[in-house]
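Participant: Feature table excerpt (Swiss-Prot):
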| type | residues | note |
| --- | --- | --- |
| BINDING | SER53, THR54, ARG55, THR56, GLN80, ARG104, HIS131, PRO132, CYS133, GLN134, CYS259, LEU260, ARG287 | carbamoyl phosphate binding site |
| BINDING | ASN162, ASP219, SER223, MET224 | L-ornithine binding site |
Amino acid sequence: MAIKHFLQFSDLTLDEFEYVIERTRIIKRKFKNYEPHHPLVDRTLVMVFEKNSTRTRLSFEAGMHQLGGAAIHLATRDSQLGRGEPVEDAAQVMSRMCDIIMIRTFGQDIIERFAANSRVPVINGLTNEHHPCQVLADVFTFIEHRGSIKGKTVAWIGDANNMLYSWLQAAQVFDFHVNVSTPKGYEIDPTLVAADNTHYKLYAAPSDACAGAHLVTTDVWTSMGFEEENAARLKAFDGWIVDAAKMKRAQPDALFMHCLPAHRGEEVAAEVIDGPQSVVWDEAENRLHAQKALLEYLVLGKLS
């Protein structure tokens with residue numbers, strides 16, 4: 001199989017995603033039943049972190065171990081990357097010593113340059129522009145709870161950040177719709193959305209974006225790297241909290257998701273994230289299973 005990277009959601013086809021989602025279901029079932037599943041024995045994952053992480057590191061490191069392989073954690077500050085080694089050189093070296101690489105960094109250009117010089121698959125663990133692994137887990141979580149996501153409506157309330165851009169790509173792949181509501185000054189960057197993407201609609205009022213939605217989702221108002229804007233963002237995002245009133249505008253059985261960590265009382269009310277419509281803990285756990293399926297696919301291809 002030719003090298004396949006997962007740098008943004010659109011890097012895989014619908015057929016590939018359907019395979020990975022089915023493998024996620026099987027792998028999760030095996031995990032719950034304590035059935036050994038070790039397809040990646042003697043394989044090594046290198047995890048490169050320029051941004052801090054809890055869920056990404058845990059899910060990839062535990063996942064690779066559960067698949068029978070090994071995971072190496074490498075913080076850029078502890079490597080030559082932190083001392084100015086060119087990304088291209090680091091990619092050439094690392095990819096000769098492992099089987100797959102996951103990178104969590106700032107600019108998408110960094111991971112694109114790395115992948116262009118890598119001899120093994122590269123996975124985007126998060127960049128400022130995209131968070132495809134999280135949305136893969138989110139789509140699986142929706143399917144797990146509600147069945148097919150095709151034709152459904154997802155409401156995105158809050159910042160036009162990496163999560164939103166991955167959701168918009170997912171909407172094109174899986175053929176669903178995204179209602180987007182962001183405050184003035186924090187709107188979608190058109191350069192990060194495909195020109196032919198007709199699977200979303202913009203709303204000025206967040207409550208209107210929630211109307212009829214099958215899933216309501218949000219993220220923190222201040223992402224990593226934008227901490228100096230926090231005070232201005234708190235003011236600008238006033239009114240964009242996902243609360244019970246907004247959830248009532250959605251479908252009666254609508255789900256709520258958040259990629260975490262969450263700030264109760266800011267982007268989401270405690271009554272929502274801790275309420276019966278919230279599936280955030282399943283969503284977080286499914287990072288583990290979805291990424292195991294992704295690792296398996298990118299290293300081994302489709303299993304017969």
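Along the chain as shown, the residues are counted starting at 1.
Yeah, the Cβs are placed from backbone N, Cα and C, and that goes for glycine too.
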Participant: For CYS259 (carbamoyl phosphate binding site) and ASP219 (L-ornithine binding site), determine the Cα separation and express it in whole Å.
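Facilitator: Here the two Cα atoms lie 6 Å apart.
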Participant: Measuring Cα to Cα, how many angstrom lie between SER53 (carbamoyl phosphate binding site) and MET224 (L-ornithine binding site)?
Facilitator: 10
Participant: Could you measure between HIS131 (carbamoyl phosphate binding site) and ASN162 (L-ornithine binding site) for me? Cα positions, answer in whole angstrom.
Facilitator: 6
Participant: Counting only residues 6+ apart in the same chain, whose Cβ is under 8 Å from the Cβ of ARG287 (carbamoyl phosphate binding site)?
Facilitator: ARG55, THR56, SER59, CYS133, GLN134, ALA137
Participant: Among the binding-site residues ARG55, HIS131, whose Cβ has the fewest other Cβ atoms within 10 Å?
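Facilitator: ARG55, out of the binding-site residues ARG55, HIS131, has the fewest neighbouring Cβ atoms within 10 Å.
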Participant: Per the record, L-ornithine is bound by ASN162, ASP219, SER223, MET224: how many Å separate the farthest pair of Cα atoms?
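Facilitator: If we measure all Cα pairs in ASN162, ASP219, SER223, MET224, the largest is 12 Å.
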Participant: For the binding-site residues SER53, ASN162, which Cβ has the most other Cβ atoms within 10 Å, all shown protein chains included?
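Facilitator: Most Cβ neighbours within 10 Å: ASN162.
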